[in-house]
Each structure stands twice: as structure tokens, then as C-alpha cells.
Amino acid sequence: MDSILVKGNGELRGQIPIAGAKNACLALMPATLLSDEPLTLTNAPRLSDIRTMTQLLQSLGAEVASLQGGQVLALSSHALTDHRADYDIVRKMRASILVLGPMLARDGHAVVSLPGGCAIGARPVDLHLKALEAMGAELDLRDGYIHAKAPAGGLKGARVVFPLVSVGATENALMAATLAKGTTVLENAAREPEIVDLARCLRRMGAQIEGEGSSTITIEGVDRLGGATHPVVTDRIELGTYMLAPAICGGEVELLGGRIELVGAFCEKLDAAGISVEETERGLRVARRNGRVKAVDVMTEPFPGFPTDLQAQMMALLCTAEGTSVLEERIFENRFMHAPELIRMGARIEVHGGTATVTGVEKLRGAPVMATDLRASVSLILAGLAAEGETIVSRVYHLDRGYERVEEKLSACGAQIRRIPG
């Protein structure tokens, strides 16, 4: 099992290109199941989760070709040969549930295993299922699988009110509704840029959608969808992660392809901590203003609030901030598993339920640490960049699910980082 060795060695300077959004691409890929015409995705990220979704779609009979080094995905679902998403593939990634709505909408039936992915709290799929039931689907959970069947004549438009904001449930319902008979209204829908990106792609395919980016999305079902070519939106989580690298280490880094509107609430916290963020012709330039970072309080919220997927990385920054910071996790349970590993590096962190109190120290110390999930893995790398001595991060297969060429991108800015094959 691979690990990553990081040596703390001062400031970072240079440019880092930001990839297409993993979470957007994982929703866009199943959209091919809605049509018998080709779907081409450009600016695709090159990640293990994308390969897993490719395997899943191919197991259903879809064709997926990776072109231009993986940055272009050519997909086609002319004739599906199977409507069963098996546990062996689905267990690797929670986004696998997103094939359910499209298959049900297009062909009227689907069998999908309950999903896997990062071990972060409960993260139930009941919101997905209730939305599909509102459209008339008959659902039966048995033997670890969701057996779904549409009513005669297909899914029907419905008013769906999500009791909690859910990105995945919004995506599943949005895709299913494009082929449902009549009008579907999604209320308390997720507002994330990935939802907007999916809606834009579906509209290119012929869907009739209004209101994406707001909490109410209206979809008028159509008889069929066509093909399209669509660029995947910039990954705001990768963007925020690499914005924190010069914030933690000092120096100045330009993030190519970055846009303020993708990370507005995050930028507000960086500004309060003493980090400068400026727009450039090609992206965003980030630098630490003067001296030590200042403590700030953070509460994770659905978009446009502070993203839960940047909480672990923000904690790494605040470990060496001047003063005491409070981080409140409002999205997922059990999402402070990186805290004990940061404590091994000398951080002062106390966790009580969904709240972590971080008292800044002058310097972290390198240590062997273990990644517990995707975002925790990169937070430990960031901490290692600013620590004295060497940090070895093990179990970095988590990292490969969400960050492409992380060692190459950071070393190009002066970081001492390399992968140790396991």
C-alpha cells in the first residue's frame, strides 16, 4: 500500500492547474444512461473514482472511452445489457447510487446495491428513495439491494420536498425527472455548483430545467434526451485545498482555472485568517499577508456556506494559527477522524461531538500518520508541508480517489514530497 513522504521546507511559489470536479463528473457520467445518443465530457479529472464509475457503467452495457490522457470521456448507452449494479463495484463508492434514477427513468426498472465510499457517519440513501417514490417508483430493499420499478407508463412528475439538503438525492431526482411524465418540482434542493453543472449538461441533452442554483428546481419531463458535449466544472474542493498550501507554508501560488464564486464562503474565512486572495486573468492568486495566521471559527453548511469537504484542510491551517479556533461540523457525523493524526504531529485539538476546538501552536512536528478518508489524507499532507522534519502519510489510496497528481502539482511549487510505493 503506497504512502507519501513530505518534508517541511518553507514557502511555496508557482502555479497549480485545477482539474475538473470529481463530484460533478461522477453525476454527469450516469446521465449517459438517460439517452441512446453519445455524451462527451471534457475537462474530466483523472481519478480512481472516475475509473470506478467507468467500470460500473460498462457493467451495465454502456460504452466508456477515455481519451486525451483521461481528460475526455466519450460515453454511449445505446443499448443497456444489464440493469443490476453489483455490490462488488458499488461498495467502492457512494456515487454509484446515481445510476438508479437514470435507469429507472429510461427503462423502468433497476437493481442497485446499497453504496460504499468514505466511512463518514450514516450518510443514508433514504432521501434518494423517497424522491423516486414520490414519482411513482415501487421500491423494495432486500439482500442489500434496492429493487426499483417504475409504474406503467413511466415515472410521473411530482412535488418533492427534501427534509434535508442532499446533493446526491437532488442529482438522482433531477436526472429521473427529465424523462418523467409532467412537471416535477424539487424543493429544498441542493444549490452546489455541481448541481448547476449537471442541469446545464442535461439541458444540452434536451431537458427542460429551470431554477438550478436555487433551492427550487422545476423540471418539465420530455419524451427523450439526445447527445451532448459538456465541459466539467472546475473542482472547487481541489481549488480550496491548494489555496491552503501557500496559506499554511507561506509564499504565493496561482491556481489556474480558479473562480471566486466557487469558493466564496471559504475565501471569507481565509481573509479573516490573514490570507490574500486575488483574481487574475487565469485564475486566483493566494498568499499569506504577514506573519502568523489568525484563528477563525468555521461552521460547515450546504453551499453557498463553508464546504464540509474543506473542513479537514482548514483544520490543518488552524493548527498553527494564533489563538483558538472552533470548527463545527454540521453536515456529516464522525468527520473529525483526522484530528488524532494531527495531534500526533503536535496539534492541540479537542473534539466533543460535532465540534472541534483547535488551539494554535508555533510549529507542527513531522510524524508517521494514517489517512482515514479522502479529505483527511490531503489535510495531513498540508500539515506535513509546514511541519518540522518528515511526515509519512500511509493509506493514501484515499487520496487517489479525489486528487490527481498531487505530488507533481505541489513539487512544481517547491514542496518536497514523493510517493513511496507499497
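Numbering starts at 1 and runs along the chain as it is shown here.
The backbone N, Cα and C atoms fix where each Cβ goes, and this holds for glycine too.
Source: prediction; values computed, not measured.
Going by Swiss-Prot, these are the annotated features:
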type: BINDING; residues: Lys22, Asn23; note: phosphoenolpyruvate binding site
type: BINDING; residues: Arg94, Arg123, Pro124, Val125, Asp126, Leu127, Asp309, Ile331; note: UDP-N-acetyl-alpha-D-glucosamine binding site
type: MOD_RES; residues: Cys118; note: 2-(S-cysteinyl)pyruvic acid O-phosphothioketal
type: ACT_SITE; residues: Cys118; note: active site, proton donor
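Annotated features, which come from Swiss-Prot, shown on the structure.
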| residue | record | contacts (Cβ under 8 Å, 6+ apart) |
| --- | --- | --- |
| Lys22 | phosphoenolpyruvate binding site | Pro45, Leu47, Asp49, Ile50, Asp235, Ile237, Glu238, Arg401, Gly402 |
| Asn23 | phosphoenolpyruvate binding site | Ala95, Val167, Glu192, Glu194, Asp235, Ile237 |
| Val125 | UDP-N-acetyl-alpha-D-glucosamine binding site | Ile97, Leu114, Pro115, Ile146, Gly168, Ala169 |
| Asp126 | UDP-N-acetyl-alpha-D-glucosamine binding site | none |
| Leu127 | UDP-N-acetyl-alpha-D-glucosamine binding site | Phe162, Pro163, Leu164, Ser166, Gly168, Ala169 |
| Asp309 | UDP-N-acetyl-alpha-D-glucosamine binding site | Ile237, Gly240, Arg375 |
| Ile331 | UDP-N-acetyl-alpha-D-glucosamine binding site | Thr300, Glu301, Pro302, Thr308 |
Around the Cβ of Arg94 (UDP-N-acetyl-alpha-D-glucosamine binding site), the count of other Cβ atoms that are within 10 Å: 19
Secondary structure of Val125 (UDP-N-acetyl-alpha-D-glucosamine binding site) (DSSP, helix/strand/coil): coil
Secondary structure at Ile331 (UDP-N-acetyl-alpha-D-glucosamine binding site), reduced by DSSP to three states: coil
